[in-house]
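Everything on this sheet refers to the single structure shown next.
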Amino acid sequence: MKTNRRCRALLAVSLNLMALLFSTTAFITTHWCEGTQRVPKPSCGKEKKTNCLNYGGNETANETNQNVVHYSWETGDDRFLFRYFHTGIWYSCEENINAAGEKCRSFIDLAPASEKGVLWLSVVSEVLYIMLLVVGFSLMCLELFHSSSVIDGLKLNAFAAVFTVLSGLLGMVAHMMYTQVFQVTVSLGPEDWRPHSWDYGWSFCLAWGSFTCCMAASVTTLNSYTKTVIEFRHKRKIFEQGFREEQNFLDQEAIKYFRERSVQSFTPTGEVSMVSGSRTKSRLSPTSA
């Protein structure tokens, strides 16, 4: 039983550690959502000769560079660039079309004013989610390595399960609130930021993977707790039944013993009284004659 309890505790600790690592990584990265943004092409110049608009109408430049597009109402999407972007809880980064690299801006500033409160609630919930995961992980480690008795281990196990379940619920609420804020920002955010197409990124997958590992750790911890309690109750029931049977056996043996002693003590006394009575009668008979 002790080996099984240790294996279950080690599994719960591993799942909780994975949940903690996944949630921390997702919280600090900027790939919750990613996609493309449609932005107008910049004007061509000395430093920018590709993916730009040529307002000068230079035919020679147009012949030598196929990426240059003349400004016209009939060019349609040729007048636009589709730049890659990715967004996290804190920052939104997009490809810099005028230079190499990316430029980032605060996603909290991009969110509509009506959604800023929900976004801050999401941030607070994510922080509490990570903190409760740390508390649950610490309690599980104490139960695994430093519990001196089974009772102390059960207490730590119960508290770890409670903190892990609470952290999982907070994490689920935080992820859902952030998703709601992002969808509203897509519709009501700044025009120069609104995505043309988007999808969820690997940080979002890590966040929900963390939630899955967290709930699996809580279920494993609760299972370990309930199974240990059931095993103790079963052993206690067997012990009580054996104790009662032994007590009944001892009582029967004691009754039998006292009965035999009472019979043995009564039989010699009767014989002595009968013998003494006959002797007295024999002594008195000649005198009476």
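Every residue, even glycine, has its Cβ placed from backbone N, Cα and C.
A TrEMBL annotation is a machine prediction, not a hand-curated record.
Of all ranges given (50-69, 270-289), TrEMBL attaches the label region 'Disordered' to 270-289. The list of residues near the transmembrane segment (127-146) in space but at least 6 beyond its ends in sequence, with Cβ under 8 angstroms from a Cβ of it, reads 6, 9-10, 12-13, 16-17, 19-20, 23-24, 27, 153, 156-157, 159-161, 163-164, 166-168, 170-171, 174, 214, 217-218, 221.
Beyond its flanks by at least six residues, the signal peptide (1-26) meets 32, 126, 129-130, 133-134, 136-137, 140-141, 143-144, 153, 157, 160, 164, 171, 203-204, 206-207, 209-214, 216-217, 220-221, 223-224, 227-228, 231 of its own chain at Cβ-Cβ distances under 8 Å.
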